[in-house]
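Engineer: Features from TrEMBL:
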| type | residues | note |
| --- | --- | --- |
| ACT_SITE | 288 | active site, charge relay system |
| ACT_SITE | 292 | active site, charge relay system |
| ACT_SITE | 502 | active site, charge relay system |
| BINDING | 544, 545, 572, 574 | Ca(2+) binding site |
| DOMAIN | 212-593 | domain 'Peptidase S53' |
| SIGNAL | 1-24 | signal peptide |
């Protein structure tokens with residue numbers, strides 16, 4: 001009787017064992033296909049010892065999927081003349097749209113099970129799967145060998161591999177698995193050939209706005225004098241923090257007390273992602289974080305704000321512009337984006353402003369594409385994603401890194417993604433002039449329909465100039481511009497002056513926050529993905545910048561010289577200043593028209 005009682009349990013155990021063995025045999029019989037491979041150890045790195053076989057690594061696997069449905073939905077929701085305008089998607093609605101074909105998902109999950117991946121570490125997020133395994137298991141699964149890699153300064157050590165494979169059966173479905181072959185870096189957007197942050201003088205606190213930029217200067221320049229924005233739970237201003245840049249509440253409150261004493265009760269919260277820190281007592285440089293929180297919030301006026309500090313550094317294919325790469329074991333864009341996309345609808349920020357980027361050609365196409373798709377998902381949910389256009393002008397190295405050594409004008413990423421709003425830079429007041437360090441055309445992303453007419457008008461004016469040096473069919477950046485030179489900030493208890501499109505992005509983000517406040521007060525949805533609106537209804541709310549231009553390709557260290565290389569500011573859209581600089585009062589009228 002006792003044996004009979006346990007017979008069903010025994011049969012179940014045997015059945016599970018046989019199913020597992022069948023799965024394992026199924027995948028073991030199939031050949032392997034290489035997903036990604038490097039030609040060798042990237043420049044600036046040295047291979048070291050093997051890591052402990054028991055060391056755990058968190059992986060993310062991207063499943064291929066048609067993006068046409070998502071892209072169309074984002075454009076429809078963001079186009080003022082479309083019936084779906086402003087009807088942003090809910091989290092669960094988006095997840096359902098992105099859910100992979102059940103058969104494909106089943107095959108990939110079966111592979112993970114056949115490799116004994118702990119079930120409690122496996123998570124499905126739309127077309128992404130996350131899982132955790134030790135090094136020894138990852139090597140067996142991916143038919144590879146992980147090593148420690150040391151940068152040539154001897155200060156950084158990370159675990160990576162040079163190639164990896166998956167079974168032939170699931171190969172067609174997989175875009176990438178990270179972190180594996182990526183040796184990466186991202187940087188804050190500091191201006192080309194300009195001085196770094198410099199100490200401000202006491203006179204800078206009251207100097208004329210043409211020499212030093214302060215919040216009241218921007219409010220005057222961009223016609224933001226009469227605003228009555230109120231805090232709203234649907235209007236959270238999100239500010240990205242990377243590279244161990246910490247936002248200091250003490251510096252922020254000193255800045256507000258010193259320059260905007262009537263608004264000294266402004267504040268922000270901090271959210272930590274992927275082990276990100278916010279050590280406010282650190283002696284490390286924090287000028288970028290200080291700039292971002294101080295100007296986005298002071299221009300946002302009475303807004304709710306969150307600083308998202310994310311640990312890790314992004315991926316890079318080394319080129320002459322970024323020969324010495326550094327990276328943690330995680331991908332910061334992916335970690336930040338998955339975290340934010342997983343937020344409930346009521347916690348999702350209305351805006352995400354980021355003042356960091358890297359050379360577009362240093363980012364593998366597969367990685368750039370999946371990251372851009374995630375920004376499109378944010379747009380579908382009503383988030384305005386704003387990026388600095390970059391501070392390399394026409395380009396730094398101006399040479400392709402694909403082995404051809406072709407001379408080329410090279411833009412930045414993620415600013416080149418068609419689903420973000422890229423912000424260029426200006427300086428001076430009335431008239432504003434284009435700074436000499438932003439803009440270009442993507443080598444990865446084709447020109448989106450929403451900017452086709454505007455960019456074609458510029459290309460018609462340009463004619464054959466620079467023919468063959470840029471992608472005339474590529475996505476053009478920036479979309480818009482704002483002041484980018486001589487900003488007064490408070491950092492480590494002292495006032496400094498700083499320049500770069502890292503300044504213009506938070507300024508524009510603050511203005512968009514106020515536009516959201518105007519729409520929400522009228523019972524309308526927030527702005528969401530901005531670009532289709534900017535190039536149609538919103539275009540008349542910008543001051544066209546027709547003086548100045550960006551430069552580059554000066555032939556510096558390791559670079560290629562192209563005499564007089566530049567993108568000039570002209571009538572209409574141009575790759576130096578985009579559509580121009582904002583006039584808030586006009587944009588506010590257009591936003592509710």
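Glycine residues also receive a Cβ, built from the backbone N, Cα and C atoms like all the rest.
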Engineer: Rank the recorded positions 288, 502, 544 by how many other Cβ atoms lie within 10 Å of each Cβ and give me the one with the fewest.
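Structural biologist: Lowest Cβ count within 10 Å among the recorded positions (288, 502, 544) is 544.
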Engineer: For residue 288 (active site, charge relay system) and residue 544 (Ca(2+) binding site), what Cα-Cα distance in Å is obtained after rounding to a whole number?
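Structural biologist: About 28 Å separate the Cα atoms of these two residues.
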Engineer: Would you mind pulling the DSSP three-state label for residue 292 (active site, charge relay system)?
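Structural biologist: Assignment for residue 292 (active site, charge relay system) reads helix.
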Engineer: Provide the number of Cβ atoms within 10 Å of the Cβ of residue 292 (active site, charge relay system), excluding the reference atom itself.
Structural biologist: 28
Engineer: Cβ neighbours within 10 Å, counted over all protein chains: which one of the binding-site residues 545, 572, 574 has the most?
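Structural biologist: Of the binding-site residues 545, 572, 574, the most buried by Cβ count within 10 Å is 574.
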Engineer: On average, what pLDDT score does this prediction assign to the domain 'Peptidase S53' (212-593)?
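Structural biologist: It averages 86.
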Engineer: Within 10 Å of residue 502 (active site, charge relay system) (Cα-Cα), which of the binding-site residues 544, 572, 574?
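Structural biologist: The binding-site residues passing the 10 Å Cα test: none.
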Engineer: Hey, for the Ca(2+) site built from 544, 545, 572, 574, who else sits with CB inside 8 A of the CB center?
Structural biologist: 546, 569, 570, 571, 573, 577, 578, 579, 580
